[in-house]
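Participant: Below is one structure. I have some questions about it.
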Amino acid sequence: MSEFIAENRGADAITRPNWSAVFSVAFCVACLIIVEFLPVSLLTPMAQDLGISEGVAGQSVTVTAFVAMFASLFITQTIQATDRRYVVILFAVLLTLSCLLVSFANSFSLLLIGRACLGLALGGFWAISASLTMRLVPPRTVPKALSVIFGAVSIALVIAAPLGGFLGELIGWRNVFNAAAAMGVLCIFWIIKSLPSLPGEPSHQKQNTFRLLQRPGVMAGMIAIFMSFAGQFAFFTYIRPVYMNLAGFGVDGLTLVLLSFGIASFVGTSLSSFILKRSVKLALAGAPFVLALSALVLTLWGSDKIVATGVAIIWGLTFALIPVGWSTWITRSLADQAEKAGSIQVAVIQLANTCGAAIGGYALDNIGLTSPLMLSGTLMLLTALLVTAKVKMKKS
């Protein structure tokens, strides 16, 4: 597929970045993330309206993640020869359809169908996001373009829940999803206007997705991705009980800590391109090492509110390097099969998020308050060591 990519990255694409297309992709990603997490702040009215429990309504988030994991694995096999411009438009249509189905849902089954449509769009879009980016900008600009996309993710993660809750009180949960559908329509038009034709992979160049794992350093990279994201979710999923019981934060104080984390994450994402230009491997090894030290500091001295707040800020700044860094690794080291590598990466991250949260919860309930921190720190340290020893990196 290397010849395919080279042939289809025209002279303009190589020398001049298409920022309008990059920002349209970033906006689409932000909309997907916002819609993914809208139910978190709307569970109570959704459950009451549909006559189900909040726990059952919460499965609308679970089904999205579950479908996204499988969609990410198989989407590139399905769309091999299709122009990626039409594929992205299809994902934006699925986003819009999902919002409308949820808005008009009169049963739990229809709600799940709507959320499954979102999962298809979410998993598919993430699977091809890295390869899309590398076909829209010159190679040296890829980290900057990825930082724009992940910056949009950071903003979406910060505003999704509070925005959904605020608007839900004003206009009702169904109209919140109607408004999200309007964002989906805007995505469709922006993509049609800005995204150029991006031919798919010719049939004679098809390759089994999982054969990529046989390449030197790729399996190590995917294991490192798994451990870093599992470590993140082992800690961050339980930041509320840890910070409220260990450091003594109240609800208002915790809100400020989470806001500080979100702002730091956005800043870290914005600065990531400058760091990754110097050394991707150093960033991918250094970031989890700093996080391992942060987990140790919080375990030992987390009862001090200043220390705990500082760790949250450092964590947000540092972890922001990891998703951008691994996407950059794919665009450089697996450029000839970036879509398939992206598919595996998304599935690994979804699995890691689930496992990290589950094991962290078990540790919290059965070992002690700081056990999620120790688990997270151990996984981050192992990630740093694995990246240093085994992960291969090609220069841009």
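Heads up, the Cβ atoms here are built off N, Cα and C, so glycines get one too.
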Participant: Answer with yes or no whether Swiss-Prot records Ala47 and Lys340 within the same membrane-side topological domain.
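Facilitator: Topo match: no.
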Participant: Between the transmembrane segment (216-236) and the transmembrane segment (344-364), do 3 or more CB pairs sit under 8 angstroms, pairs being 6 or more residues apart?
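Facilitator: Contact between the transmembrane segment (344-364) and the transmembrane segment (216-236): present.
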Participant: Find the member of 55-75, 86-106, 108-128, 282-302, 306-326 that has more C-beta pairs under 8 Å to the transmembrane segment (256-276) than any other listed stretch.
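Facilitator: If we count Cβ pairs closer than 8 Å to the transmembrane segment (256-276), 306-326 scores highest.
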Participant: List, by number or range, the same-chain residues at least 6 past the transmembrane segment (176-196) whose CB is under 8 A from its CB atoms?
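Facilitator: For the transmembrane segment (176-196), the list is 13, 18, 20-21, 23-25, 27-28, 31, 34-35, 38, 42, 85, 88-89, 92-93, 95-96, 99-100, 102-103, 136, 164, 167-168.
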Participant: Which sequence-distant residues neighbour the transmembrane segment (306-326)? Criterion: at least 6 residues beyond either end, Cβ under 8 Å.
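Facilitator: Sequence-remote neighbours of the transmembrane segment (306-326) are 143, 146-147, 150, 153-154, 221, 225, 228-229, 232, 235-236, 239, 243, 246-247, 249, 257-258, 260-269, 272-273, 275-276, 280, 283-284, 287-288, 290-291, 294, 297-298, 345.
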